[in-house]
Structures are given as C-alpha cells and as structure tokens.
C-alpha cells in the first residue's frame, strides 16, 4: 500500500448508504412500509418467545429451536431496519466506519447462525419423523443446548474472520455503498486495496456457512419425505408432513433469496434486483417466519 493510500484511509470516517435513493418520490411510503414490517416482526417474534417461555406445553425441542429462531430474527431486523428507517425519515444515509463494520459483523454473524440453525431444525424434524422411538433420548435438553450453541458459535467464528479482514483494507476516498446496509460485496467495492485474498477467504467461509448446512438440510428433508411416503395411512402421512412442512417452506424461501442475491452476476443492471432480493431475506423473512413456523401451529393457537 502506498503512503498516499494509507494517509487517505485515515480520513475515511464514514460511508454513504445509497439505499433506495433511485426512488426519491417513494421515500415516505417506503418508510411507512418498512416501519409496519419492523413493528410486525418485533411483535410476532417477541410474542413467540413469551409463549414458549410461559407455557410448559411448549417446552419441547421443536419449540426450543423455534424460540431461538425468533430471538435470531429479532436481532436480525434490529441490525438493519432502524438505520434504514432513519435514512428514510431524515435523509441522512451516512454511517460511520466503525458502525458499518459492526453492522456487517452482526449481520454476517446472524446469517451464519440462521443457516446452521435451519440445519439443526431439519435434523430435529428428521429424528421426530424417522426415529420417533429414539427421539426423546436423542433430543434431550443437553443435546438441544449443544446444537444451538454450536450454531451460534459457528456463525460468530465465520463472521469474525471476514470482518477482521475487511477492517484491514484501505478504503481511500470511496465512500458510497450502493446498498441499504453494509453488505460484504457492496462494501469491498469501495476498497482501493487488492480484494483477491478477502474474496477467496469469504468464498470459502460462505461455502462453510451456507452450502454445508444447505446440503445437510436438503438431505434431511429428502429422508423425511421418503419416510413419510412409506407411511401406509393417509392420515398418518398428513400428520407427519404437517410437523415439517412449515420449516420446509421457510428453508425454501430463505435459500432461494440467498442464491438469487449472491449467485447472480454483480452487474449494474442487476443491482436493483439484488437489493430487492436482499429485502426478502433481511426484512420480509424475519416478519413471516413466526407466521409460517409457529403461529399457524395448533399448539401455539
């Protein structure tokens, strides 16, 4: 790095999140829309947490993992939406360097946790459907705690490594981030350093964080569906499928959005589509997950 680049890096104290400034006439409607979504997200997920804690009948492995998911979604939304809403309301889209790095770290941490957590939930449903006689023994309290802790620890480790590398890069005088939050691809476009190493490490870490849990989740649900199809009675098949259909829908939506965001070519013409798909897994999913996975269940109602 040249001396000039090092000097310029010291003057970068904030970034500008461009967000949805392509639609200047829609700032107020977008503010109201995202405010309603944020309120519904917080209300739904906090309600799920309160119900699971307060009701002894919901102290089961499935609802333990669902309550963990609700806690995850509450933190997830609070990482991105408050800053986005402030930008809509005041027009100030600046974010300090340290806040941007912190936002990315928390965001990447929670995405990693969610990927592993969905895999853990698929494993739980696999044992419930395919190994019902051993389910209580295999999914005891200690085992559930260990699986949940492993998901959180894995997400933290991966996010910490990538964020540490990002913080070592020089950003010079490039300040505009063409996104509504500090996402990895959008941030490193602002760097004037060589990004080969961090992109290689991030690709490896992303594969560990997304592809491995995704393949495990898909394999689990294939085994679950094949086991359900072997049940002789139609009533038994419907009952068994109802225990995992909600989680299957959530997994399909979540990973579809991730693939569309991070697998599409990073061209200017697709930037708007990347933002739109990012809204699905960062804003919409935390709102609908309580409806899909919990509030539609008979026990919760």
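Note: Cβ is positioned from N, Cα and C throughout, glycine not excepted.
The domain 'G-protein coupled receptors family 1 profile' annotation in TrEMBL covers 44-293.
Here the transmembrane segment (30-54) has long-range neighbours at 20, 23, 63-64, 66-67, 70-71, 73-74, 77-78, 81-82, 84-85, 88-89, 283-284, 286-287, 289-291, 294-295, 300, meaning same-chain residues at least 6 beyond its ends whose C-beta is under 8 angstroms from one of its own. The annotation transmembrane segment is assigned in TrEMBL to 30-54 (among others).
For the transmembrane segment (61-81), the list of distant contacts is 34, 37-38, 41-42, 44-46, 48-49, 52-53, 103, 106-107, 110, 113-114, 117, 120-121, 124-125, 128, 139, 144, 148, 180-181, 243, 282-283, 285-287, 289-290, 293-294, 299: same-chain residues at least six beyond its ends, Cβ to Cβ under 8 Å. Residues annotated as transmembrane segment in TrEMBL: 61-81 (among others).
If you look up TrEMBL, you'll see 101-123 (among others) marked as transmembrane segment.
What TrEMBL records for 144-166 (among others) is transmembrane segment. Long-range neighbours of the transmembrane segment (144-166) within the same chain, counting only residues 6 or more positions beyond its ends whose Cβ lies under 8 Å from a Cβ of the stretch, are 61, 64-65, 68, 101, 104-106, 108-117, 119-120, 123, 184, 187-188, 197-198, 201-202, 205, 208-209.
When Cβ-Cβ distances below 8 Å are used as the criterion, the transmembrane segment (204-229) is approached by residues 111-112, 115-116, 118-119, 122-123, 125-126, 129-130, 154-155, 158, 161-162, 237, 240-241, 244, 248, 251, 255, 258, 262 of the same chain, each at least six residues removed from its ends. If you look up TrEMBL, you'll see 204-229 (among others) marked as transmembrane segment.
Marked as transmembrane segment by TrEMBL: 241-264 (among others).
The transmembrane segment annotation in TrEMBL covers 276-295 (among others).
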Tertiary contacts of the transmembrane segment (276-295), as residues 6+ beyond its ends and Cβ separation under 8 Å: 34, 37, 40-41, 44-45, 47-48, 63, 66, 69-70, 73-74, 76-77, 80-81, 107, 179-181, 183, 246-247, 249-250, 253-254, 257-258, 260-261, 301
